[in-house]
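Worksheet: the structure to be examined is printed underneath.
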């Protein structure tokens, strides 16, 4: 029909919309232009348009693509970048609903032409859902739809109002149709009119897919090994493990139970004792000596202990002992699973690590641990839970999704554990944690036992913890280690921003193949530095929050096995990760807080092993860390560079900057409750007492 009269199409809604004719079963072709051009002859499109179309990614001129929603009855499953849905069933029938439009909001207009106006300002968007503006054709699903006389999605080309509406001001065609979505409604889609936006809903599994959530996650992590040797593979303790006995421990609160010296004193069941022995645990660490009897006594606990000191076992063992003694309620034969224990951690890698520890200690018992986290298929998480769940290990986002979709009940929760609790209660996850304890069915803090563990507990975090803990909770502070582990040799180098890469390569070449973690501040920089090191012939991988879960797990696997001895990471890997034989940590970028510095360098020097941490200090951006760094180095009996001391004494730090830089403080984190009774300070062997620290001010590191 030659050049189409676009004005007539716009201003005369009774004229039927032009719909290009497609050959059946050929929507899966690669480029939009190719598919369209095969039918352009029958559609009276000129040869010149055809040539122009083939030179771009879309149809009808440069910068635009012809899109196709395809068959919305699960006939098309995968989309490509061109806007077509790849066909998974060759038996698609013509009477299925189809909806097509011109993409890139272009219509016949160049999508990049900012001078366009009037009806050509916006056309349709032809990718999935018919999208905004443009020509769309909705074929009814049944004859009754035609008889009802109502159009199901939109009406005029470019009209924001429903087709059944007669109101308008003459230039409604410049807006969008169907409440902001062009064309007509397609199959399995709800269009809600009356507002400027369209509420679109698709019949997808679990309701995960939405406009804002992006593509549906299909990744299912491989199951962990089931053989006993793999389950009980353990971390070898280092030469300094016995030095833990010299660390001071402060327990504050009323009527704290006495510490234990051996696992036998805990009176655990024989199965647990056997699993402890298989895991290679022969001696209690300081946090375990005090935390295990406190949890066994049913008391709420806030425990602060150095990185790599066995905090996970300190809460898992007594919880499992309670479950073995009191019995469990969850069963795979129950329709709704109601876990007795919920453990929450801030990162996927850490919560998976906790799950593996829970599976290890519960081996051969009736207790079943389950782990769920984001980046994996939602249905997979549900399937794991319905098989039986006594201990639920979860990241905050996936946990709230599971609760919101009523896949678990909370009435039986007896134990709530927040690992890396300072991170869980800050502005990052604090609101979600408050939602958790406010969920219907969740027992109040007086009816459950709440345990908080971390290597650092700033004062403001302790105040927030009051919403989670009973007022009679006990506080355990393990020694002077909230600053840094003494088994880590710390080195601070003064390196400018533009000299860091050269210095990093120099250090890594001297290190050789020893396992090294390099921390940077941003996700983009993590990939950039990893690529740069690979170009320098240094095998490197990276991990950060923007990588898919499959890629994150692959990166960790390559790092653990030594395939890539260098791992460039953001703070997603700074907390809790227990990777054997990490000899070096390099802070390419120093973090914004000293607490994060402590967690980062804690990836090495674990369980009595020695390690080395090197940090690049940029005087243009890191001066705020000078004073707390001097304090951390001094407390860990490390050499403090003279230039760093000079910067520290010349830099003003607000009084509220740090709770751990208290003058003369013995403990890096102390109980902030005022006028409490029963505070006592002991060495970890429990033989003698030492004088409690002097009162300190209210400075804060955070």
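One-based numbering along the chain as shown.
Each Cβ is built from the backbone N, Cα and C atoms, and glycine gets one as well.
Computed from a predicted structure; not experimentally measured.
According to Swiss-Prot, the feature region 'Disordered' maps to 22-228, 681-702. Per Swiss-Prot, the feature compositional bias 'Polar residues' maps to 29-46, 141-150, 195-215, 681-693. Positions annotated as compositional bias 'Gly residues' by Swiss-Prot: 58-68, 125-137. Per Swiss-Prot, region 'Interaction with RANBP9' is recorded for 201-220. Here Swiss-Prot flags 261-289 as motif 'Q motif'. Residues annotated as ATP binding site in Swiss-Prot: 305, 306, 307, 308, 309, 310, 311, 312. Here Swiss-Prot flags 419-422 as motif 'DEAD box', drawing on experimental evidence. According to Swiss-Prot, the feature domain 'Helicase C-terminal' maps to 503-648, an assignment based on sequence analysis.
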PLDDT averaged over the residues of the domain 'Helicase C-terminal' (503-648):
93
Taking 10 A as the limit, how many CB atoms besides its own sit near the CB of residue 307 (ATP binding site)?
27
What residues elsewhere in the chain lie close to the motif 'Q motif' (261-289), defined as a C-beta under 8 angstroms and at least 6 residues from its ends?
228, 232, 234-237, 241-242, 244-245, 247, 249, 296, 303, 305, 309-311, 313-314, 317-318, 320-321, 324-325, 360-365, 476, 478-479, 684-686
Let me know the most crowded of the binding-site residues, choosing from 306, 309, 312 and counting other Cβ atoms within 10 Å.
306
Of all the binding-site residues given, 308, 310, which has the fewest Cβ neighbours within 10 Å once its own Cβ is left out?
310
Give the number of CB atoms, excluding that of residue 311 (ATP binding site) itself, located within 10 Å of its CB.
26
In three-state DSSP terms, the structure that residue 307 (ATP binding site) belongs to
coil
Surrounding the recorded ATP site, with Cβ no more than 8 Å from the Cβ centroid of 305, 306, 307, 308, 309, 310, 311, 312 and those residues left out, we find 285, 287, 314, 455, 606
From the DSSP assignment alone, can you count helix, strand and coil residues within the motif 'Q motif' (261-289)?
17 helix, 0 strand, 12 coil
